[in-house]
Amino acid sequence: MFNHDWKYSINSKTFADLNIELFRNHKFKTVLNYIIGVVGWNGLKLALFVSDIYTCIKLLAFNSWSNNIIKPYLPFKISKWLFSGCILASIVLLIWEAIAGMRIYKTGNISLTYVNNFSRNLNSVLNYSKFCVYNMIERKGFRQKMTFFTFFQLKDCIRLIFTDTPRQVINGLTLWSVLVTVNKNEDLGDLESFTGLINKIKNIGQTNHEEAVILSLMLFSFIIWALFVFKFLLAVICSIFVYYKIINDQEYSGLREYICVTVSENVDELVERQRKKENDDTIYKTGLLESQTFDDFKEVENKIETSFNDTSYASNNDSMIELIERRPEYKSQDVCGPIPTMKKTETMESFVDNGNPQYTTRFSAILDSPYINSYESNDIKKAKIQSRSVNTPKYEDLSSSDIFNKIHSAGQLKSTTSMEFHGPLDSMPNTTNNIRNFNSNSSRPRPPPLQTKSSINSKADSNDNGRIYTPMKAYFREPDLPRKGLLEDEDRTYNYT
């Protein structure tokens, strides 16, 4: 039981490896254990230690008791050296435990400080969070609880047997002779009845208050000692089953090794649970938020790509008329029901928008006609837009170099901010077939002339004459591309006006 020659492994986890503030709690059971088991019990031990020192000084220096009212049952010479020897032995044991406990306390090791009573009590008194850590080292199952109880009771049995028991026996005999027996200091077998015991206590309290207080303190200390003796005897009985189980398992060489290994495993589990909690908090605060953000970005990118593919824009070689025919039709829907679609004159900027914010470009918001927010088609008024004519051939018309040279020499390219088709789209029959027929026939009719605004300066006209107008470059949805060609003059003109 008290063999320390075997080797056992001690967990190296210290309080520095833990964030002890995470274990701090103010549950009712935890606070109650701290008040009773730490503050109250250690305060009582300190008071008893001071009382023992005072009694020892009175016995050895003044050769008298601390009180002259109640005399001990044994003769003074025997009681004097018996009390003095027990008090001195308890002081020596306390100093030894303090030295060993301070060495363990400085290590900060959780397992070692938990096993040592002095270091555990010192950590608990100085830091409530460390007490919460000790309190969370769980003892799983009835076997572990019984083994821990047996170990700690047998560990403190030296002080109980050799320093406290002799003194409490003398106190018990004194209390027995004064309170329980009929006549003081006579036959101890002649006991007082329960009614006579109550009446005796009342009589002592009425005649001498100091004697009643001293008897009460002696009775209180004797009851505490009796409880410790009962726990010690219970631990001795439990040790039979505990050692039988340990020897039968053949895993541990003794009770101390089993306790140290079990505490080490519990500390490992406690540290792992604390690290998992910290990782979960970190993931919740940073990692999970970032992953959701990236998922949102991916979802937005997929939606943009899907909407762009559904639009099915043609290549750069397609004509503007084909783009108009391929334009997706949009009908707005609101909580009040479907909104009638505006019938607007199809211009170069209006066919891009047509009242649909999904297909709005950066220049259609500037050049398009204002939209009147109303659900009555009769109240809708369209702003007047000054139309300008530009003799601009389509991209397919420039396949012949002769036509391009004639147009360039004649200076027919004009700057424009809008281009109007004077006929509705429905009146254009089979535009694609006409374009295909134009490739075979050289005499294709030219598009209707467009009028230009007179506010365009001559410098813009001269610069635009040397360019070939390509409509598709104006409808790219990439905002980082430079705006070149006719759109530069359009922006300058709009800002100027």
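For all residues, glycine too, the Cβ spot is worked out from N, Cα and C.
Quantities reported herein were computed from a predicted structural model and do not represent experimental measurements.
According to Swiss-Prot, the feature phosphoserine maps to Ser291, Ser319, an assignment based on a large-scale study or a structure entry. If you look up Swiss-Prot, you'll see 1-29, 102-216 marked as topological domain 'Extracellular'. Positions annotated as topological domain 'Cytoplasmic' by Swiss-Prot, on the basis of a curator's inference: 51-80, 238-497. Per Swiss-Prot, transmembrane segment is recorded for 30-50, 81-101, 217-237, and the stated evidence type is sequence analysis.
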Exercise for the section: Looking only at the topological domain 'Extracellular' (102-216), report the model's average pLDDT. Expected result: 79
Completion exercise
Given the transmembrane segment (30-50), its same-chain partners at Cβ distance under 8 Å and 6+ residues beyond its ends are 90-91, 94, 121, 124-125, 128, 131-132, 135, 221, 224
Handout entry: DSSP-assigned states of the topological domain 'Extracellular' (102-216) in counts, ordered helix, strand, coil
Key = 91 helix, 3 strand, 21 coil
